[in-house]
Amino acid sequence: QQEFLPPSEVAKADMDSTKEEEALLQSVRRAGAVVPRKRAVGRLVMHSMVMFGREFCYAVEAAFVTPVLLSVGLPKNLYSLVWLISPILGFMLQPVVGSASDHCTCSWGRRRPYILGLGIIMLLGMALYLNGDMMISAFIGERQKQQTWAIIITMLGVVLFDFAADFIDGPIKAYLFDVCCHEDKEKGLHYHALLTGLGGALGYLTGAVDWGQIMLGYSLTSEFQVIFFFAALVLLICLAVHLRSIPEVPLRYENEESKFLLEVTESYKYSSIEEEIKNGYLKSTCTEIKAEAKPGKCADQRRMTLKSLLKTLLNMPSHYRCLCVSHLFGWMAFLSNMLFFTDFMGQVVYHGSPYAPHNSTLYLSYRKGVEMGCWGLCINAISSSAYSYIQKILLPHLGLKGLYFIGYLLFGLGTGLIGLFPNVYSTLALCSLFGIMSSTLYTVPFHLIAEYHREEESLKLQDGEQAGQHGRGKGIDCAALTSMVQLAQIILGVCLGLLVSVAGSTVTVISASTVALIGCCFVAFCVHYVE
């Protein structure tokens with residue numbers, strides 16, 4: 001039953017209602033209960049800068065980690081261990097980090113503390129694997145101990161860097177979803193993909209420069225130190241810009257303001273606020289608060305254990321699981337091609353051999369093929385950046401389903417043609433299709449996550465309290481999606497190395513094509529698209 005106020009209080013309430021409504025709505029907007037306001041393009045670009053720095057450092061790792069590991073004398077039987085430790089840790093722990101960020105009550109926000117911490121770990125990992133040999137030489141004089149400790153420090157650096165660089169993507173995407181309206185989420189994802197491609201291209205070009213012939217190369221003791229200087233500088237600048245881009249509202253402030261709103265709306269029931277509730281602007285807030293007010297619910301969510309987390313992941317709606325499977329297919333195809341692409345160029349396209357004597361024609365041909373492969377990866381990064389812009393034009397015409405399908409299809413056909421006709425110029429031209437796949441993987445699945453959450457919010461408005469009864473947040477959904485990257489690395493690390501040793505590098509592009517075309521069918525028939 002509705003309770004009525006005395007006439008004098010009603011008159012007073014009418015006089016002050018406009019101001020109080022504005023204050024309340026402002027409070028809710030600050031808390032993120034209502035769809036956040038639109039963000040300026042500059043803010044979205046600032047938010048995306050972290051992807052530029054992350055991909056720049058990834059490109060540096062791709063170009064230099066193998067030479068570094070070889071230079072410190074890492075045994076061949078430990079290569080697989082280096083590449084498997086990080087994805088195994090990531091696959092096991094990434095959902096835990098995603099859930100923890102959903103319930104983080106830090107005064108600085110929910111996502112930014114994790115992004116800052118993972119950025120620092122990335123910097124530490126780069127410092128160790130690019131400078132580990134020099135650091136150990138400064139402290140240990142015995143040659144045998146130097147080599148042993150240099151291998152340990154370098155491996156630790158690679159694992160730390162991969163671990164943090166893989167983990168950081170989930171909190172970044174959740175941060176974007178938290179602070180942006182639906183239209184800005186789409187723009188932000190496109191800017192993420194654009195700057196990811198540019199960062200990768202610049203990183204590969206930085207690795208191609210002969211720094212020994214430049215003044216900076218003379219002032220530092222090795223080329224690896226020069227590369228670390230540039231990579232660390234880029235990462236720190238991009239991370240600082242990202243963290244200052246869009247403010248977050250701490251979770252505990254959100255709850256306090258929401259409870260204040262509930263008390264006022266329930267006590268006074270101003271007619272204008274009632275209209276806002278009917279229109280759906282405040283109803284979801286009240287619904288969520290009532291759900292949180294149930295004894296122990298909020299505390300139980302924040303104290304989520306690994307067991308309950310796994311239960312949450314297993315109980316995800318089927319369309320989330322299908323999206324994760326399609327993402328797994330995409331990354332398995334993409335990584336099986338990218339991890340061995342330079343080796344494919346050296347052995348298959350240029351007919352060289354990495355096992356030949358270093359002064360032989362076969363080995364020089366292999367080195368030339370590897371260099372040409374780096375240029376192909378640069379073309380991939382540039383095309384990824386360009387396609388992320390073209391996606392904005394194609395999206396209204398093709399929809400997310402069309403973009404998802406085309407990305408997998410073009411990549412599958414392109415890698416298949418490379419495997420069947422391994423020619424230098426055609427291979428370099430088809431490298432542009434790698435960029436289409438890369439841009440697709442970085443944008444479309446996260447678009448779908450945003451659409452799913454938007455659909456769930458609309459259900460909350462229709463169904464009241466019942467629709468708010470789920471323990472998942474944006475952080476854990478993004479983490480579950482990005483953990484498929486680690487699972488793909490684990491599967492490829494176990495299986496693909498054996499296939500390459502048996503059948504040669506050609507099997508990598510053929511397997512990439514096959515998996516991409518299977519994923520193409522899965523994307524077309526199994527993934528749910530919001531109308």
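Cβ coordinates come from backbone N, Cα and C, glycine included.
Features reported for this protein in TrEMBL:
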- 80-101: transmembrane segment (TRANSMEM)
- 113-130: transmembrane segment (TRANSMEM)
- 150-168: transmembrane segment (TRANSMEM)
- 189-206: transmembrane segment (TRANSMEM)
- 226-243: transmembrane segment (TRANSMEM)
- 328-350: transmembrane segment (TRANSMEM)
- 402-421: transmembrane segment (TRANSMEM)
- 427-450: transmembrane segment (TRANSMEM)
- 478-503: transmembrane segment (TRANSMEM)
- 509-530: transmembrane segment (TRANSMEM)
Same-chain residues near the transmembrane segment (226-243), Cβ under 8 Å, at least 6 residues beyond its ends: 46-50, 52-54, 56-57, 60, 64, 112, 115-116, 119, 122-123, 126-127, 130-131, 172, 199, 203, 206-207, 211, 216-217, 220
Stretch contact, the transmembrane segment (328-350) with the transmembrane segment (402-421), Cβ-Cβ under 8 Å, 3+ pairs: yes
Distant-in-sequence neighbours of the transmembrane segment (427-450), which means Cβ under 8 A and at least six residues beyond its ends: 173, 177, 182, 185-186, 189-190, 192-193, 196-197, 323, 326-327, 330-331, 333-334, 337-338, 345, 349, 372, 375-377, 379-388, 391, 400, 403-404, 406-408, 410-411, 413-415, 417-418, 474, 477-478, 481, 516, 527-530
Distal contacts, the transmembrane segment (402-421) - CB-CB under 8 A, six or more residues away: 326, 329-330, 333-334, 337, 391, 394-395, 427, 430, 433-434, 436-437, 439-441, 444-445, 506, 509-510, 512-514, 516-517, 519-520, 523-524, 527
